[in-house]
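So TrEMBL lists these for the protein:
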SIGNAL    1-17  signal peptide
DOMAIN    27-141  domain 'FZ'
DISULFID  C32-C93  disulfide bond
DISULFID  C40-C86  disulfide bond
DISULFID  C107-C131  disulfide bond
DOMAIN    203-500  domain 'G-protein coupled receptors family 2 profile 2'
TRANSMEM  208-230  transmembrane segment
TRANSMEM  242-262  transmembrane segment
TRANSMEM  292-320  transmembrane segment
TRANSMEM  332-353  transmembrane segment
TRANSMEM  377-401  transmembrane segment
TRANSMEM  413-436  transmembrane segment
TRANSMEM  471-492  transmembrane segment
REGION    513-609  region 'Disordered'
COMPBIAS  573-598  compositional bias 'Polar residues'
Amino acid sequence: MDLLWVLSVSMLTVCVAIPMDAAAGSHSLFTCEPITLRMCQGLPYNSTFMPNILNHYDQQTAALAMEPFHPMVNLQCSPELRMFLCALYAPVCTEYGRMTLPCRRLCLQAKSDCYKLMDMFGVSWPEEMDCNRLFPDCDEPYPRPVDLLSSSDTTESPISVQRDYGFWCPRELKIDPELGYSFMGVRDCSPPCPNMYFTREELMFARYFIGVVSIVCLSATLFTFLTFLIDVSRFRYPERPIIFYAVCYMMVSLVFFLGFLLEDKVSCNAASPGRFRASTVTQGSHNKACTLLFMVLYFFTMAGSVWWVILTITWFLAAVPKWGSEAIEKKALLFHACAWGIPGVLTVSLLAMNKIEGDSVSGVCFVGLYNLTALRWFLLVPLGLDVVVGVALLLAGIAALNRNQEKLVKFMIRIGVFSVLYLVPLLTVLACYLYENSYRAVWETTWVQEKCRDYHIPCPYQVESTSRPDLALFLIKYLMMLIVGIPSVFWVGSKKTCFEWGTSTHASSTHLAMLDEPPSASTSRAGSVRSARSKMSSYHGSLHRSRDGRYTASSFRAADDRLPYGSMPRLNDQPQSRHCSTNRLDSLSRHGSTQRLESQSRHSSIRDLSSATQAVLGVPGNGIHRVLEEDGATA
C-alpha cells in the first residue's frame, strides 16, 4: 500500500510538471498560508499550500474554480463533498512540500451522491478530478493524522517549502486554447504587450528610430530599382543579382515602415478587461494582417540573402572559369528558382508550424522573437549558411582575379567594397541573434522575478544571475537589418547614372510641355510639317532628266495645269496631238527619273538627304545642285 501511495504521488508530480518543462532550472519558494476560502473554513486544519493539486497558484484562482460547486455544498447532497473539494482546492500544508491526496473512496462517494443534483444544475464532473486516475486506493479519512501533526507544527512556525514549479502563466496572459499560443514553454499563454523588457519611453524612441532608418533604406533601394528600369540593358550578369537584391530589401524596408505607421495595432492583441485579459503579443496565423506582414518580411529577408549568394556565384563564374555574360545569363532560370523557391519553402513551413510572432518593438510580425527553436533553425542556420557560402566564393573569385592584375584594378575594388558593406551588417545581425539565443532565458527569469507578485504567480527561487536586455542591442539589430540594402546604391552610383536620370527627367518635362501647348501652337506646328512634306514631294516631281543623263530642277507646275490622276489628253485637240507622243515620253521620263531618284535617295546618307531638304525649303547653299552633281558623278 505504501509503495502504491508513493507511486501515485510520483505520477501526480510528473503530471503537474509536464507543462513547465521549459523552466526546469528554476525553483519556487512557498510557505504555508492561512485558508481564506469561505467554503473551507472550520476544517480540522487551517493552513493550506499553494499551488494546489489542480495547479491553481493562489487561493483567489481556486475560489473561482470552486464556484460551480457551491449549490451542491449548500444543499448538502453528500457529507463527503465539502471535504473532498477542500482537499483538492485547499490541501493541508505539510512539511517539505509533501502533497497528500484524498482516497479514491472519498471521490467516488461524493460523485455518486451528487451526480443527479449536478446534472440538474448543468455542472459536469471535471476531468482533472477523475477518481480512477488520480487518487490512491485507500480507506483513510482526510486529512490523515500524520498530516494534521505536520500542519500543527507549521501553524506554530511556518516553514519554507521548496518545490520546482517553473513558470506559471498569469490569468491576464492566458489565451483561448484553439489559437495554439505558447510562451516560455507553457501552452495557451502569450507575452505581454507592449514589450516585456522596455518602458514605453524606450519603445517610442525605438519606434521612431526604426521608422527613419526604414525611410532611408526604402529611398536608396527604390533609387536602385528605378535606375535599372531606365536602362535595363545596362545591368547584365554578373551584376544583375544586385538589382533583385535591392528589390528584396526595398520590400523589407517597406514592411518596417508600415510597422512604424501601424504601431501596436497588428503586433498586439487588444486587452479584454471583462475577461481579465491584458494586451498580449500576436501569435500564429489567425491575424491576417500580421500573417501578411510576416510573409513579406521573412520571404524577402531570406530572398535578399540568397540573391547575395547568387551574386557571389556569378562573380566566381566570371573570375575563375571566365564565363561571359551570355553564358551566365543562360543559368538565370536556375538562379531565380533558388532565390525565390528556398525562401518560399521556409515561409510556408513557418506558416504550417504556426510560428509567427508579433514584434511589439517595431510593430511588424516575424519569427524567433520568443521561440528559441524557431530562432535557431529559421534564422541562424539559413543566414549562417549564406555567409559561409558567399564568403568562400568571394575569396575564390578574388584569388583568381589576383592572377590578372589588369582586371584587379577596378573590378576587385568595387567587389571588395560592396562585399564588406553587405557582410558587416549581416554578421552584426547574426551576432545579435546569437546573443539573444544565449541570454533569452536569463531575461525571462528576471522578468518573472520582477512581475511574479503583480501577477500572483510563483516567483523564481535561487536565481543564479539576473539581466535585462539593453535597448541598444535591439536598435543595432534593426539598423543592420535595414542598412544592409543601402550598399546597392554605391554599385549603381556613377556619372552615367546621373546622366541617365537627367536625360529621363528632360524627356519627361518635354513631353509634359507638349501636352500643355495650346491648340493653336499645335496646329501651326502640324501645318509647317505638312508644308515641308508637300515641298519635298514637289521637289521629287520637279526634277527633269536632260539628254546628257543629268537631273535638273524644273519649274513647279501650277495646280491648274496638272491633269487629274488617270486622265488622258483630249484627242480632238489638234494642236496638242502633234505633241502627244512627246508628252507621253516626257511623262515616262519624269516618272522614271523620279523612281530612280527615290531608289537612290533610300540608299543615300543622312547628310545628302538633309542638304536636299534645306534646298527645297529655301535654305541658302544651293543644295539641290550639289545633290544633282553628286548623283551625276555617281552615275
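The backbone N, Cα and C atoms fix where each Cβ goes, glycine too.
Automatic, uncurated: that is what TrEMBL annotation is.
Looking at the shown structure, what environment does each listed feature sit in?
Under DSSP, the residues of the domain 'FZ' (27-141) split into helix, strand and coil as follows: 55 helix, 10 strand, 50 coil.
Of all Cβ atoms in the shown protein chains, 28 besides its own fall within 10 Å of the Cβ of C93 (disulfide bond).
Counting only residues at least six positions away in the same chain, the Cβ atoms of T48, R82, L85, C86, Y89, A90 sit under 8 Å from the Cβ of C40 (disulfide bond).
Within 10 Å of the C-beta of C131 (disulfide bond) we count 19 further C-beta atoms, all protein chains included.
Counting same-chain residues at least six beyond the ends of the transmembrane segment (242-262), those with a Cβ under 8 angstroms from any Cβ of the stretch are 207-208, 210-211, 213-215, 217-218, 221-222, 224-225, 228, 235, 289, 293, 296-297, 300-301, 303-304, 307-308, 311, 339, 359, 362-364, 418, 478, 481-482, 484-485, 488, 491-492.
Counting only same-chain residues 6+ beyond the ends of the transmembrane segment (292-320), those with a CB under 8 A from a CB of the stretch are 237-242, 244-245, 248-249, 251-252, 254-256, 258-259, 266, 327-328, 335, 338-340, 342-344, 346-347, 350-351, 356, 364-367, 378, 382-383, 386, 389-390, 393-394, 396-398, 400-401, 415, 419, 422, 426, 481, 484-485.
Same-chain residues lying 6+ beyond the ends of the transmembrane segment (377-401) with a Cβ under 8 Å from its Cβ atoms: 298, 302, 305-306, 308-309, 312-313, 315-316, 318-320, 346, 349-350, 355, 367-368, 407-408, 411-412, 415-416, 419, 423, 426-427, 429-430, 433-434, 437.
Beyond the ends of the transmembrane segment (471-492), by six or more residues, the same chain brings 198, 202, 205-206, 209-210, 213-214, 216-217, 220-221, 223-224, 227-228, 235, 239, 242-243, 245-246, 248-250, 252-253, 256, 301, 304, 361-362, 414, 417-418, 421-422, 425-426, 428-429, 432-433, 435 to within a C-beta distance below 8 angstroms of the stretch.
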Quick one: pull the CA-CA distance for C32 (disulfide bond) versus C107 (disulfide bond), whole Å only.
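Counting only the Cα atoms, the answer is 25 Å.
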Taking the Cβ of C32 (disulfide bond) as the centre, count every other Cβ atom within 10 Å, in any protein chain shown.
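C32 (disulfide bond) is surrounded by 25 other Cβ atoms within 10 Å.
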Compile a sequence-ordered list of residues in the same chain as C107 (disulfide bond), six or more apart from it, whose Cβ lies below 8 A from its Cβ; state 'none' when nothing qualifies.
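Result: F84, M129, C131, F135.
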Report, as numbers and ranges, every residue of the chain located at least six residues beyond the transmembrane segment (413-436) whose Cβ falls under 8 Å of a Cβ in that stretch; write 'none' if there are none.
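Result: 242, 305, 308, 312, 315, 368, 375, 379-380, 383-384, 386-387, 390-391, 394, 397-398, 469, 473-474, 476-477, 480-481, 483-484, 486-487, 490-491.
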